[in-house]
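S.K.: Please read through the structure below; I'll follow up with questions.
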Amino acid sequence: MSGNKDSDGGWKTFIWNSEKKELLGRTGCSWFKILLFYVIFYGCLAAVFVGTIQALLLTLSNYKPTHQDRVAPPGLSHTPCPEKAEITFNKHELETYMKYTKGMKEFLELYDETAQLDQLKYEDCGENPGGYKNRGDLESDIGVRKACRFKRSWLKDCSGLEDRTFGFKDGKPCVIVKLNRIVNFRPKPPNSNESIPEDAKAKVRPNVIPIYCTNKKEEDAGKLQEVKYFGIGDGFPLQYYPYYGKLLHPQYLQPLVAIQFTNLTMNTELRIECRIYGENIGYSEKDRYQGRFDIKITVNDS
């Protein structure tokens, strides 16, 4: 028992020694010195860290990407974009395709002419393909840049203005396609027809990035039949590039291409691939949306 009392007294004395006025073996002065040391030490570390970050930020621009040499070519996005990129519906049953047309209507609201009336934010860039629209350097001294208008009506049968079902009720579905944004990227039209499929060569024209859709599987040849393209030059016109970023180009509207499959084989799953072609457009097996996209469409008629 006496041993326990001695040990109890030992650790209690270690915690607080009333004779020496020590807490955990240190006097108040000692504790003050060591705390002061760590405050100064970690304060200096924090100052070095903050200074390094600040120096790095001074080398970066809020408007212009510093390093773009490893940026991949832009991808293609399409609407509707269901899970697994599969569009399946019955043209006689509204509820089977309403979810697709609803998403398309919401997406195209930004392209309503009434949303592009502000002369300080938007400008007309022509209804025919043109060259790049340069609006100065990627700096803030010029201020916010105007955006080219893109009229929804240019998508014609796929605009949703006359046919609010976007062709779905007739078994002729539309897909709206856009080229994803990359700051200061200038897509270059193909400079040679060698890399373009024979059937797609007719779509090559000046100042346009062409897009072409075909069957993915050889056994589906002949089942896709007629495909219509709507938009400026039936592709992506160069006057909508470059994009200056969110801060300098907040109203920017990407040019759209509407693709309508007007004569699909009914009650058959078709896998379709759409590609854009350009000198600085590449493809990747790891990214199925880089410069292209695959989609499965099944139109039921029973």
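Placed from the backbone N, Cα and C atoms, the Cβ positions cover glycine too.
Just lifted these from Swiss-Prot, have a look:
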| type | residues | note |
| --- | --- | --- |
| DISULFID | Cys125-Cys148 | disulfide bond |
| DISULFID | Cys158-Cys174 | disulfide bond |
| DISULFID | Cys213-Cys274 | disulfide bond |
| CARBOHYD | Asn193 | N-linked glycosylation site |
| CARBOHYD | Asn263 | N-linked glycosylation site |
| TOPO_DOM | 1-30 | topological domain 'Cytoplasmic' |
| TOPO_DOM | 52-302 | topological domain 'Extracellular' |
| TRANSMEM | 31-51 | transmembrane segment |
S.K.: I need to check the long-range neighbours of the transmembrane segment (31-51): which residues 6 or more away from its ends have a CB within less than 8 Å of a CB in the stretch?
M.R.: 23
S.K.: Can you tell which of the disulfide-bonded residues (Cys174, Cys274) has the fewest other C-beta atoms within 10 angstroms of its C-beta?
M.R.: Cys274
S.K.: Distance between Cys213 (disulfide bond) and Cys148 (disulfide bond) at the Cα atoms, whole Å?
M.R.: 27
S.K.: Here are some disulfide-bonded residues: Cys125, Cys148. Which one has the most Cβ atoms within 10 Å of its Cβ?
M.R.: Cys148
S.K.: Rounded to a whole number, how many Å is the Cα of Cys125 (disulfide bond) away from the Cα of Asn193 (N-linked glycosylation site)?
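M.R.: With distance taken Cα to Cα, Asn193 (N-linked glycosylation site) is 28 Å from Cys125 (disulfide bond).
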S.K.: Determine, using Cα-Cα distances only, which of these recorded positions is closest to Asn193 (N-linked glycosylation site): Cys148, Cys158, Cys174, Asn263, Cys274.
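M.R.: Nearest by Cα distance to Asn193 (N-linked glycosylation site): Cys274.
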S.K.: If we check Cα distances from Cys158 (disulfide bond), which of the recorded positions Cys148, Asn263, Cys274 wins as closest?
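M.R.: The smallest Cα gap between Cys158 (disulfide bond) and any of the recorded positions is with Asn263.
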S.K.: Could you give the Cα-Cα distance between Cys274 (disulfide bond) and Asn263 (N-linked glycosylation site), in whole Å?
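M.R.: Just about 17 Å between their Cα atoms.
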S.K.: Could you check the disulfide-bonded residues Cys158, Cys213 and say which one's CB has the fewest neighbouring CB atoms inside 10 Å?
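M.R.: Checked Cys158, Cys213; of these disulfide-bonded residues, fewest Cβ neighbours within 10 Å: Cys213.
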